[in-house]
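Heads up: the structure comes next, in structure tokens.
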Amino acid sequence: MNLLFTRHGETDWNVQKRIQGSTDTDLNENGRIQAVRLARQLETNRIRPERIFTSPLKRACQTARIVSEKLNTECIVRDGLEEINFGLWEGLTWTQVEEQYPEEFTAWYENRRYQKTPMGESYQDLLDRLLPSLRSLVEEEAEAVGSGSSSHSIVLVTHSAVIMSLMAYLNNTPFNQMVSHYKLNNTGIVQIKGERLLT
């Protein structure tokens, strides 16, 4: 089973380099254009996903619905795919975080897998809700399609930290290196075999 993880389209906060996290922002016009291009890219590569699953946050749902309409594919909201909750840092730039929360930022930067942000989550908290959701999704899809599951493709529209932390976890990459290794542009795609989530 092929899982195609994609980051949502662009928002105004992306352009302004503000931390979004759990804040429920909308796509901007460029983000909607990116979603249309994503659908075309999937068509060009002859990828016809059986289903599209999306984070409940608006920027992901809006991206997923544009793609699902273009591909005439079912779109399903899936809990567990939400972006990390950055707590009090949401709405700020990283420069502002370093200025306003120097001690908390240093503690988080040096141990970002397990260190929570003020009133927010750690990346381990994110994984603790993400991995069970993905594993049950893979099992449900495999059961639904039976022996044909090896060629089965689904698209998951989610968020930057979700994809980076998942890749770091699967590849045993130190979490302080995940941005340099796995950062995706808006509507970028990462493909993962579903079986990797079950081992």
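From the backbone N, Cα and C atoms, a Cβ is placed for every residue, glycine too.
Whatever TrEMBL says is automated annotation, not expert-curated.
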Which of Arg48, Arg51, Arg59, Arg65 shares the substrate site with Arg7, His8, Gly9, Glu10, Thr11, Asp12, Trp13, Asn14 in TrEMBL? The record says Arg59
Arg7, His8, Gly9, Glu10, Thr11, Asp12, Trp13, Asn14, Arg59 bind substrate per the record; greatest CA separation between any two, in Å, is 15
Cα-Cα, Gly9 (substrate binding site) versus Glu83 (active site, proton donor/acceptor), nearest Å, comes out at 14
For substrate, residues beyond Arg7, His8, Gly9, Glu10, Thr11, Asp12, Trp13, Asn14, Arg59 with C-beta within 8 angstroms of the site's Cβ centre include exactly Gln20, Thr25, Leu27, Asn28, Gly31, Asn186
CA pair Glu83 (active site, proton donor/acceptor) / Trp13 (substrate binding site), Å rounded to integer, equals 14
